[in-house]
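The following features are taken from TrEMBL:
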DOMAIN    9-117  domain 'Cadherin'
DOMAIN    118-226  domain 'Cadherin'
DOMAIN    227-331  domain 'Cadherin'
DOMAIN    332-436  domain 'Cadherin'
DOMAIN    437-546  domain 'Cadherin'
DOMAIN    571-668  domain 'Cadherin'
TRANSMEM  683-705  transmembrane segment
Amino acid sequence: LLCLCCRAAAERVRYAIAEELPTGSLVGPLARDLGLSPDQLPARKLRVASAGKKQLKYFTVSEENGNLYVSERLDREELCGESSSCSVSFEALVHNPLNVFHVQVDIQDVNDNAPRFPRDKFQLEINELTSPGSRFAVGMAEDADVGSNSLLDYELEANGYFAVEVKEGQDGSKFAELVLRRALDRESEQSLRLVLTALDGGDPPRSGTTQLWINVTDANDNPPVFAQDKYHASLREDTPPGSTVLNVSASDADAGTNARITYGFGETPSKVLQKFLVDRETGTITLQEALDFEDTRGYALLVEAKDGGGLVAHCKVKVEVLDVNDNAPEITILSLSSPVPEDAPIGTVVALLNVNDPDSGENGEVSCELSGEAPLSIVASSGGSYKVVTASALDREQAAEHRVWVVARDRGRPALWSRRELSLEVSDVNDNAPVFSEAAYSAYVRENNLAGALVLRVSARDADAGANGRVSYWLAGGSAGAAGAAPLVSVEARSGAVYAQRSLDYEQCREFAVTVRAQDGGAPARSSTATVRVFVLDQNDNAPRVLWPAPAAAAGSAAAAAVAPAAFEVVPRSAEAGYLVAKVVAVDADAGRNAWLSYELVQASEPALFRVGLHSGEVRTARFPLARDAARHSLVVLVKDHGRPALSATATLHVVLADSLQEALPELSDRDDVSELTPDLNLILVVSLAVVSLLFVSTVMFAFFSKCRRSRSPPIFITSDKELYSSLPSKSTYNYCNSTLPLPYSYEVCLASESGQKDFTFLRP
């Protein structure tokens, strides 16, 4: 409590000025007294604030030098009435950081009001038998000033009968009483007209006058006498109109009409006469209008009793107004810093409040608290001000706005309370990085896709708002195992869509990984990454490739035959069923079902003699070779995958049935001659037909001419010379495709002298 009191005292600034100062008069160097230099004024934004607009209109703060000036004429009597002290209080606010200071300006009285009597003329009726020394109340002059400038003395015009004496009540008020110095004589002087002057204590003094008209009446030697000189009554401010305040009573020793007493109010302000009413006959004082403790805390009534002879007596009635807790606290928001950034430190002032309760005592003692779930707390400041500060860290992603109720409660019985809603928005700070919906993505793309095809779409969410939550994407790199992976795909910056840059080939790249980075638009920016693994799905786009027999030999082209000897297999005629002839070896670059190969014998000179394993590609004999079986066979094997649609390739295998290699060579030579003619079989057939026809015609013509010549010559057989012999070089090699060993052979051939064509040929080296 001591710390809080010291802090409150340090934050209070007090000035004193005279009332009625002209507009623009200097009150004090407010900025300097608050410790602010001229350079700090633009940033700190010094200004004045108050719970009521009435106080703010009197003062203003200069933005250039921070001095406090009078902005409107100050009338102390209008502001504070009869109060001995008068001040105007308000708050001075500074920003960056936000703080509040209590400023009090005391208004000093100036003698600007002259004493004033309620009436310009007073009439008194005084009996001629009135003894000297008798006193007569002539009312009280009012002076709105206070202190030394208030009412000080009364002066009476010089005369031979009356003098004036000043009486002071317990409340400090001064009223005049006429004192009879010499006995009156109605016969010599029936009336008197005197001037009563009221003087204040100002320098120079001010004065006010009224006329006293005194009528001298016949003898009524006993004036009324009140039972008490002073009466006191206490009323609660919630007393309803019509209630009895008290009853005054007076008696008169005279008899007859001179003893008949009537009651009324003496010289009393009109404000009081509006509140109270006295019964002329009974002296009962009743309440006419509702009381308000906050407006007036007490009333002084002057009640007079007059008998039938005109004698008057006076008594004072003091009515005290008791406070009732009839005013709820008033909450005024002086300043609200909204929105506040979510990274604001704990203890940041977000709002300044002023709470005022017009009641007094415990009824005016107020406590404040916050109602609602929010990371805020309220701290009491000076002069009924409160600060709302952050009690814990703010997080816009959890709550973008906090709504709390400021509840102010007094200590009255029953207590009254009021509340005011306080809405605080939290502004965003880039404190969250984008978060991908998945840490790793997997995508499956069929090979041979179109360039620009959508692979997948990545998505990242940023809990921040605005630019801090706007996410953009780009590629941050690829996996080490996928050479050139980055150019294969691209990512659209706004949508996160990943597109293929070109057509993918499963046989070249079966999978690759890229890293996608998501970055927000904050400053500084935050980012996160996710791995995208792309799996290329195989399509049946590769036909099987035959590794053996070699494609060149299997194709049987003349160019291939000229370069390398043809491949063939030798099967002994004694081979049993199931004898392994050869194995067709093929591969498919595709995968899965697209690479499952099956083998099928689609063409054979003797289909019943050979069979092919469906999955192994092994060519075996289906039965024992028979003597009637041809020695030379050509097998065409179809290799087919299981794709949809299926792709295939063929392999041609040449088989010779022979028990030895020497027996297989003639068949091999014939096969080579035939193989030379097979590239264009149709052409050969046409040419052969033409040659046969030509030979037939030539033979017929030759026979015809021979008969005509009738020449006969005996046949002679000779042995062909060395040029007609063909021998196999000792180093000639035959390629049996890894199934037959190379061996050298030599032959000697005898031909007829007329033979123009060799019946036996050999493979070219």
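If you go along the chain as it appears here, the first residue is 1 and each next one adds 1.
Using N, Cα and C of the backbone, Cβ positions are placed for all residues, glycine too.
Predicted-model confidence for the domain 'Cadherin' (118-226) is 85, expressed as mean pLDDT. Using the rule of three or more Cβ pairs under 8 Å, pairs at least 6 apart in sequence, the domain 'Cadherin' (9-117) is in contact with the domain 'Cadherin' (332-436). The helix, strand and coil residue counts that DSSP assigns across the domain 'Cadherin' (9-117) are 22 helix, 38 strand, 49 coil.
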